[in-house]
Amino acid sequence: MTQRFSPPAGLGTPAPPAAPTPSRHPRPPPAAGSSLARPPPPPQSSTGAPAASTGRQGPSPPPAMEPEAPRRRHRHTHQRGYAVTRSPHLNKDLAFTLEERQQLNIHGLLPPSFISQDIQVLRVIKNVERLNSDFDRYLLLMDLQDTNEKLFYRVLMSDIEKFMPIVYTPTVGLACQQYSLVFRKPRGLFISIHDRGHIASILNAWPEDVIKAIVVTDGERILGLGDLGCNGMGIPVGKLALYTACGGMNPQECLPIILDVGTENEELLKDPLYIGLRQRRVRGAEYDGFLDEFMEAVSSKYGMNCLIQFEDFANINAFRLLNKYQNQYCTFNDDIQGTASVAVAGILAALRITKNTLSDQTILFQGAGEAALGIAHLIVMAMEKEGLPKEKAIKKIWLVDSKGLIVKGRAALTREKEEFAHEHEEMKNLEAIVQEIKPTVLIGVAAIGGAFSEQILKDMAAFNERPIIFALSNPTSKAECTAEQCYKLTQGRAIFASGSPFDPVTLPSGQTLYPGQGNNSYVFPGVALGVVACGLRHITDKIFLTTAEVIAQQVSDKHLEEGRLYPPLNTIRDVSLKIAEKIVKDAYQEKTATVYPEPPNKEAFVRSQMYSADYDQILPDCYSWPEEAQKIQTKLDQ
């Protein structure tokens, strides 16, 4: 069925005035009296047309409603002619003014028409409407990203709730599976194991000198789809698109990277279209040395506070790499820490419905990989914050992996799983385990579609007045249950959240419930924005608990009545701003920020860092001299 995209309300809504921006400084704050002030950029109209000139020298008086007026941003480029219209960073299509077309030598390369960005957004939406599958919509939007970057982000931000499932989960999973087939234009850096010893040279090939955030994967565990090798590049690309659309990170300061060390995927190794290395994965000391060189090369080129997000690494590497690098570099693993933060945020919101504390819960995980263990560790931290000793908090958490319930004495447990192993007989059947443990919170993160059977859902409703059930696996086909199954089999009493989007469910009573989507996009854009804004050099687990608390606070009582455990996705930039503001405040209080002087207004400071998708004015810096100074000498001095 074709999904309809109505023209979004509020296109052209002005951005608030930019706040003064401190400079980056690794030393303590300078003496009092330093100024943060800088002249504000001149105003810009919502259509992208230049603001009217007063004809005066010097700054113009502020226009009416100046606090709400968007700001004209000037951009300078040495490019001229055809190259301007083919640059995704410069291209404005028919929004170039006549003066810009003439000055940039592109007049005649465009039709003789002038169309605002707002109208361009509507054109894109109409083209999206014409397509019959989200995969085709994904391809259309990726082409737009390659041709007109600001329009791409303006479209996403116009209705993030509709477009996020297209540019990221669940559609990005199919895109990664088909990545070699639909490969058209490379995006990001491809670094292979054969480049070891030369990674610094490869980084130098990237055209941008200032990079503040990197998302990197080795493609071994893409979503719930397994080893996709070099095809996994779709994940860093999609993730960074959300860094910008949801968090306001400048896309030109973001870099997607794939580390290609081979693949164990037989289909890819035999596929003549596969774009990656045709070899088995390199492991062991050679792999570790490759990662060490990569981390060192990135920090040497882009600085110690360049954020490096690890994404979709296999369990065997995810935890040990996080533990290895967390205190050396500015890094985090979204599958572990981001998933943990958004899950805990959902639980904290759910507890406002159940009217009890986190320490009162018994929590059972279907899955014991990096997501489950990350959530478990953050829950323990949150329980400790409530005053429960760590050893008692651990006893409230049970995990089930592919071999059954994790208990003491079971063979071949990893160190991470061993921490949550309890004294109990071994059990393998999930239905029997649920009946035995009687959890108040059931969380699925094993990517086993349908794992929460009818019996399990009915049992959860029998044990609890308001059972908390999270089916967090992606993509939709891997979800442990659907929202409809969960609500109907628990008579609408379940407090439900999922990793992929589900439609609202109307119960026989006529009540409509809106399932919460526990998407990591509530977490990583705001974390990245805050970390980069204040120049943090290390990202602690505390930041992710703080983030969970901020997200839960943004859920209104009305949202909870409707079954929503997360703020509406279309408010996600506001949520990211709140997260970043809190991170920045804490960083300055704890003396871990490296950007000085300290901004007095943290919200305004963070807001000033956020990327604007409005078109810039691309003209030379033209100004006038006094008439006397411009006099042309016509006679020789006698």
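Even glycines carry a Cβ here, placed using N, Cα and C.
In the record from TrEMBL, residues Glu311, Asp312 bind divalent metal cation; the candidate from Asp288, Asp335 listed for the same site is Asp335. Lys239 (active site, proton acceptor) has Asn519 as its nearest neighbour among the binding-site residues Arg221, Asn474, Asn519, going by CA to CA distance. Taken as a whole, the domain 'Malic enzyme NAD-binding' (336-588) shows an average pLDDT of 96 in this prediction. When the Cα atoms are compared, Asn519 ((S)-malate binding site) and Tyr168 (active site, proton donor) turn out to be 10 Å apart. Geometry remark: Tyr168 (active site, proton donor) versus Asn474 ((S)-malate binding site), CA distance 11 Å. In the three-state DSSP classification, Asn474 ((S)-malate binding site) falls within coil. When the neighbouring Cβ atoms lying within 10 Å are counted for each of the binding-site residues (Asn474, Asn519), the highest count belongs to Asn519. Each of the recorded positions Arg221, Lys239 was scored by how many other Cβ atoms lie within 10 Å of its Cβ, and the smallest score goes to Arg221. Whole-number maximum of the Cα to Cα distances across the (S)-malate-binding residues Arg221, Asn474, Asn519: 18 angstrom.
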